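Peer 1: Please read through the structure below; I'll follow up with questions.
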Amino acid sequence: MDDNPMAQRQASVAATREHDEDRLAEMGYKQELTRNWSLLHNFGVSFSIISVITGITTLFEYGLSTGGPGVMSVGWIVVCFFTMFVALGMAEIVSAVPTSGGPYFWAAILAPPGQAAFWSWITGWFNLLGQVAVTTGITFGCAGLISTTATVNSGYTPTAARTIGIYAALLSSHVLVNSFGVKFLRYLNDFSVLLHSVGVSCFAIAVLAKAPTHQSAKFVFATFYDGTGDPGWSVRASPAYVAVCGILMAQYTITGYDASAHLSEETNNASWNAPLGVLMSVGVSAVFGFFLIIALLFSIQDFAGTVGSTVGQPVTQILMDIFGDKGAIALMSLIILCVWHAGLFSLTSNSRMMFAFARDHGLPSFFDNVNEKFEAPIRTICLAAFLAVLLAVPSLGSSVAFSAATSIATIGLYISYGLPILIGLIYPSNFAKGPFNLRAASRPIALIAVLYITFITIVFCLPEYNPVTSQTLNYTPVAVGIVAAWAFGSWFLWARRWFTGPIRQIEEERMGIPIADPAKMVEAEEMMKDGMMGVNDIE
């Protein structure tokens with residue numbers, strides 16, 4: 001027996017990796033992506049995409065004007081509480097089905113055989129919408145922060161066109177790193193975790209310590225402010241209306257943790273590490289995010305001056321009031337670096353989902369490709385970036401485009417999270433649990449998760465500013481409606497004739513079925529149903 005600890009560790013890792021590949025093969029897939037991510041790496045990607053400093057900083061102005069400090073602080077606690085139910089439901093499913101397809105694959109596995117392809121198709125398209133919108137929201141937010149920071153102590157004037165240009169440059173950098181630097185992503189991930197934990201903690205402590213004066217606890221937890229128009233929605237509707245719209249900042253921030261599922265085919269011991277990655281990313285983000293919010297709110301020096309800041313970014317104004325122009329630029333650079341990493345890993349997760357969807361013929365087979373030299377799905381990386389650019393185009397003619405993009409991201413992702421949870425709730429006999437098992441609590445948790453997702457889906461489609469004009473229109477219902485019409489319409493018109501849901505690659509290839517040809521796949525399935533087909537019967 002070899003007593004060498006290093007040799008034993010290598011043998012253990014090899015055994016775990018072999019088990020993961022066997023589990024993937026049981027679900028019908030070959031190991032195509034490199035599997036070398038640990039629990040820390042898996043958690044780190046979701047933690048980086050959630051990126052509390054990204055969501056809080058980029059939507060801080062929205063939060064202050066839509067409910068104010070009280071909604072921002074208390075709303076964060078409420079949102080994180082209910083989001084944990086969604087995360088628990090997702091973690092239980094990903095433990096049972098650890099594939100990079102994520103929600104659309106889960107929907108197919110959990111649904112009855114006759115409905116599997118339908119639910120897989122619908123869930124896949126909503127997940128794709130959410131993934132693209134998250135990438136848009138993060139990177140467009142980063143472009144906005146760069147534009148705002150550039151105005152400090154300079155003559156730079158930001159415009160919509162300039163911001164789009166910065167946005168395109170940022171996306172290009174993400175495409176290059178994801179395409180040609182995949183071997184370095186793990187190290188960038190480690191650095192990102194350090195930035196989002198130690199960096200954000202030091203940032204919050206520095207803000208609190210340096211602030212000349214501090215607001216009262218009553219201001220932070222009980223101050224309501226309505227800046228949604230003249231008159232605002234608290235007058236035209238009610239303060240409760242403004243408050244529920246105001247939780248968008250918190251809910252948008254705590255999104256993207258399905259990345260742990262999308263990276264499960266690259267994660268060792270995925271049945272445990274992927275669900276733990278989901279839960280850890282939400283739990284840790286909840287704590288860090290709350291600390292960051294109260295640090296910024298307690299350190300506001302002049303509320304009216306912060307809300308109506310001439311630089312157009314309340315967080316930048318807070319930092320200028322505390323540290324001066326040069327100090328504000330230095331700390332904003334730290335924030336921008338964090339947001340850049342969040343956008344980078346959002347594109348990583350996005351491209352993996354699209355690759356898996358293309359592998360199962362949800363997207364054209366052209367995108368079912370992993371570059372052998374660089375070991376990356378370069379085609380879906382480029383597709384994800386292109387769609388993110390298209391989603392940002394309305395910002396050229398809309399003052400609320402950014403908050404709309406964040407609403408689209410939140411709704412698209414949470415619908416795709418909720419559908420598999422709902423299907424598992426309705427058809428529990430199809431749910432073969434993995435190592436992470438909620439047991440008796442599974443169904444109550446799933447019910448709460450589904451009801452909460454229904455609630456936020458309705459809320460984030462509501463008008464945010466009064467009066468509603470072409471400039472202030474919340475186009476979230478339009479974007480979500482277009483995708484819903486496409487998903488349902490395409491299914492009934494043509495996709496149901498050839499989309500069969502997740503493809504069991506290994507099984508089909510052994511039978512000689514050309515998996516790149518949807519028509520042959522449908523023909524093969526019909527023959528198998530009729531009991532007419534044997535190995536190599538399809539030419």
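Each residue, glycine too, has its Cβ placed from N, Cα and C.
From TrEMBL, here are the annotated features:
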- 39-60: transmembrane segment (TRANSMEM)
- 72-91: transmembrane segment (TRANSMEM)
- 103-122: transmembrane segment (TRANSMEM)
- 128-152: transmembrane segment (TRANSMEM)
- 164-185: transmembrane segment (TRANSMEM)
- 191-209: transmembrane segment (TRANSMEM)
- 276-300: transmembrane segment (TRANSMEM)
- 328-347: transmembrane segment (TRANSMEM)
- 381-405: transmembrane segment (TRANSMEM)
- 411-432: transmembrane segment (TRANSMEM)
- 444-463: transmembrane segment (TRANSMEM)
- 475-494: transmembrane segment (TRANSMEM)
Peer 1: Short question: most Cβ pairs under 8 Å with the transmembrane segment (164-185), which of 39-60, 191-209, 276-300, 328-347, 444-463?
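Peer 2: Most contacts with the transmembrane segment (164-185): 328-347.
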Peer 1: Would you call the transmembrane segment (276-300) and the transmembrane segment (328-347) in contact, using three or more Cβ pairs under 8 Å, pairs 6 or more apart in sequence?
Peer 2: no
Peer 1: Report yes or no: does the transmembrane segment (39-60) come within contact of the transmembrane segment (475-494), defined as 3 or more CB pairs under 8 Å with a sequence separation of 6 or more?
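Peer 2: Counting Cβ pairs under 8 Å (6 or more apart in sequence), the transmembrane segment (39-60) does not reach the transmembrane segment (475-494), since there are fewer than 3.
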Peer 1: For the transmembrane segment (328-347) and the transmembrane segment (444-463), check the count of CB pairs under 8 Å (sequence separation 6 or more) and say whether it reaches 3 or more.
Peer 2: no
Peer 1: State the residues, same chain only, that lie 6 or more residues beyond the ends of the transmembrane segment (72-91) and have a CB under 8 A from a CB inside it; answer 'none' if no residue qualifies.
Peer 2: 63-64, 220-221, 243, 246-247, 249-251, 254, 257-258, 261, 275-276, 278-279, 282-283, 286, 289-290, 293-294, 297, 414, 417-418, 420-421, 424, 436, 438, 442, 445-446, 448-449, 452-453
Peer 1: Cβ pairs under 8 Å with the transmembrane segment (128-152): which stretch of 103-122, 191-209, 411-432, 475-494 has the most?
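Peer 2: Most contacts with the transmembrane segment (128-152): 411-432.
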Peer 1: State the non-local partners of the transmembrane segment (475-494) in its own chain: residues 6+ outside its ends, Cβ under 8 Å from one of its Cβ atoms.
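Peer 2: For the transmembrane segment (475-494), the sequence-distant neighbours (Cβ-Cβ under 8 Å, at least 6 residues beyond its ends) are 118, 121-122, 125-126, 129, 133, 391, 394, 398, 401, 404, 407-408, 411-412, 460-461.
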